[in-house]
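Trainee: Features from Swiss-Prot:
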BINDING   898, 899, 900, 901, 902, 903, 904, 905  ATP binding site
COMPBIAS  16-33  compositional bias 'Low complexity'
COMPBIAS  101-112  compositional bias 'Polar residues'
COMPBIAS  135-145  compositional bias 'Basic and acidic residues'
COMPBIAS  146-158  compositional bias 'Basic residues'
COMPBIAS  182-195  compositional bias 'Acidic residues'
REGION    1-212  region 'Disordered'
REGION    208-335  region 'Mispair-binding domain'
């Protein structure tokens, strides 16, 4: 009876197990703890334990002191329990106990535990003595029991009576499992549990301090975070990816996921000492790239931390009880995220209503040798822009003035998604970068990430040495047949300007962090920005003419690029964007491009053009980006299959073309492009023959290669797996003999394989060996794993993990082999992109009202019936065409006047856009057009200030005008809109007249000058050969005093002497009371000016009559004044 009672007590929870912060060794006890989370439940539990621990007559001797309770055997992980000292009464009682324990004649009560340790030679007392001893023992036990209960009560008061007792209970029951890793083995979970804190020495009721001991997982996260403090870490933990600390808060905000509160800082700051775990958030494994893309799109730098060990290999290793080894495997930013076939903006990013397309360029910039100050400041700037997704590299070195117009022009052309600034840049440059990248509504259409790196005083020498060693290492890895090309490559790179070399070195180091430094091997695509083979469109021109995005919504709809974009492929679209921003200057090249567009337009219904259209429509993947992902070794198996099959489709379509003459077109440009397509056919077919198409499509790495192409390592591991599976099949016979059955079959349940199923009611249940482990069961059957099967399954899993590693290694080898063919593959894709652009321009040319332009050698714009290309497509009504005639031999400038909202700005933009379209190689919206080779288009339109630089609207206006006067040439087109309006009338007229005269007389560039100063029309009289003509936008007056006007939007000869600003005020719904006053004041001022002019005319006439000298010149001036009246 005593033994059974003792065993029963061993199964009961002890007081110390409740108050001590212990770790449960089973899920059942953990759940029981978690359920008791209130004061009432805690008290109930104490009462239950008191009743359960009441001593029986046989077992009273077991209850010595509370310090000696040891009824429940310890769990796998011992946790120190708090030892709370008692007050004076308890101390005295304990002293009595000690005295009793030191008594030489103390008799220990018998129990199941102490019975066998009693000395057999103990003297036998008489019955009387024995009876008195029993009574004494009972008295002592009664007193001890009373003290024990009092001690228990004191513990209860100390534990629960203080402030915050309920949170303490809840925390104590749940904190131990807060940071264990889901999906990992039990050993690691136990290792990562918190350890109970040491007992507090504070007064009763003091709040218990949180544990500061870090789990192994937390230590791993902190170590990696310290190396990458600027990145948001996504940590693989079992079957989830988790965020910790501040990263979890940011991820929860950006991804709209739940963040469990906790510590945000990684430096163990005292302000978070009351928290014992990190804040955390989690996402499923299969949604990793979805959420990473969202974080990257928001401008964050994201690091992915993966487990480097698998469960099978870890279980077989020596560190099976250690946490999983983790390492940062990938870093992503907006410019370096190429691990997905879709772009960050999505497949339909460049739709009608989308933002302007991002180019994906990373731009590195350095600045040096600042000279002068104020308006005379000059800086030397070097830039290098890399597009990791395509391999394109742009570099330039130039000097810029205080307005930083050169930097702005390059930034607007390149449209980077990420900046890397080297060293300290000037204040003006820094503010320009902030202005262009600081918000989601900037000119790039999205927020831009900016990173900064330091620059030493010996940066030039260090950069040259670094770049030399980088390319020297590349040259050693090349074959002997490529040595000459490699040397040319190195010479080309080392001859770059010094500041560009500094940028190149910094960019190599930057991209090495993302494993993308191999992009610099592709130096064929190093291109200088400022090559004079293209028309220059500066930053103001790109914005004012809406080349890439409109000025209203900052989207691509309504831009010139949107108008011309009819491409079918993403790589064709990128090439067209480059064409739009860099119109040609070579007349012969331009003629070839337009001839190709004409042939495709005229042959639209022919089979050969239809074949091209069909081919382009079948290309659904971005081959240019996919090819570079192959080059980086980041391509997936299904993606590789798609690339190879698409290239095979392209090459097979024109496999009959052996030379450009076989293509069948008249245009040499088209024939040359088509002849590049079948070149890759043999290589593509050879690679396709190496892989299993069905396995590649299903992303099955184990059977990806054909059997004849598998490596020895793959074959060895497959044989090992086959051997183990054979042994598993053989064990079925052994199992059948054990169970005395004819046949045993394995079953799979809940994903667990090789289970042996036995009916519960059968005789075989009695024959199951004790070593067989029961895995699962139902009322009818039980399922077991014999130890032999478990060992074989473990061996099979190890072979599978080794096989997976061998398959990945072989796949990377295949990607490296394909990378050696990068150049011909890239040429094939580039040729298809060129054909896509030609087809797009042919689709534009096929629209009604578009005509092929004629090109002239001199600077000339002769357009009849021209229309605005974008406004025409957006308007529901018919666009009113206009004529333009400008040339170096005739009229070089037009002074455009007219009422507000009369169409002046639309007209001058129309002229510039037709010129740009013509030099892109496109048809233009006109009845006829003869265009010269313009080297640049400059614009000064709109009014805005630069508060950050302390520059007023008028200052910005004149600064931009100054840059135009310095850069314009006789082959440039210059558009100036209302120059001088930002100051007084007299100063504005003087400045406008001086600038216009300088443009026409000295620079002799083609000029369109918009003004409301009617006095400027007199300047045309100073050019007797008609170099400057006055034109105006026509309108008709109606209503009382001509207050109602109708815009005709036609260009006519002469000057408009009124601007009709009050009519615009009425259209803007200015209150009628204000308009009435404005009309009165306008009439008064107009009458006053007329009287003043009449007085001047009268005095002039009197001088003529009196003197009679210079009569012709004076009379001409008087007639002009009369005409203005």
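Glycine residues also receive a Cβ, built from the backbone N, Cα and C atoms like all the rest.
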Trainee: To test your reading of the ATP site: which residues beyond 898, 899, 900, 901, 902, 903, 904, 905, same chain only, put their Cβ within 8 Å of the Cβ centroid of those residues?
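Mentor: Neighbours within 8 Å of the Cβ centroid, excluding 898, 899, 900, 901, 902, 903, 904, 905: 1033, 1047.
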Trainee: Near residue 902 (ATP binding site), which residues of its chain come within a Cβ-Cβ distance under 8 Å, counting only those 6 or more away in sequence?
Mentor: 1033, 1035, 1047, 1049, 1056
Trainee: Mind tallying the region 'Mispair-binding domain' (208-335) by DSSP state, helix then strand then coil?
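Mentor: Across the region 'Mispair-binding domain' (208-335), DSSP assigns the residues as follows: 44 helix, 32 strand, 52 coil.
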Trainee: Give the sequence-ordered list of residues that share a chain with residue 905 (ATP binding site), lie 6 or more positions from it, and have CB atoms under 8 Å from its CB.
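Mentor: Result: 941, 977, 1010.
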Trainee: Let's check the environment of residue 900 (ATP binding site): how many other CB atoms sit within 10 Å of its CB?
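Mentor: A 10 Å sphere around the Cβ of residue 900 (ATP binding site) contains 17 other Cβ atoms.
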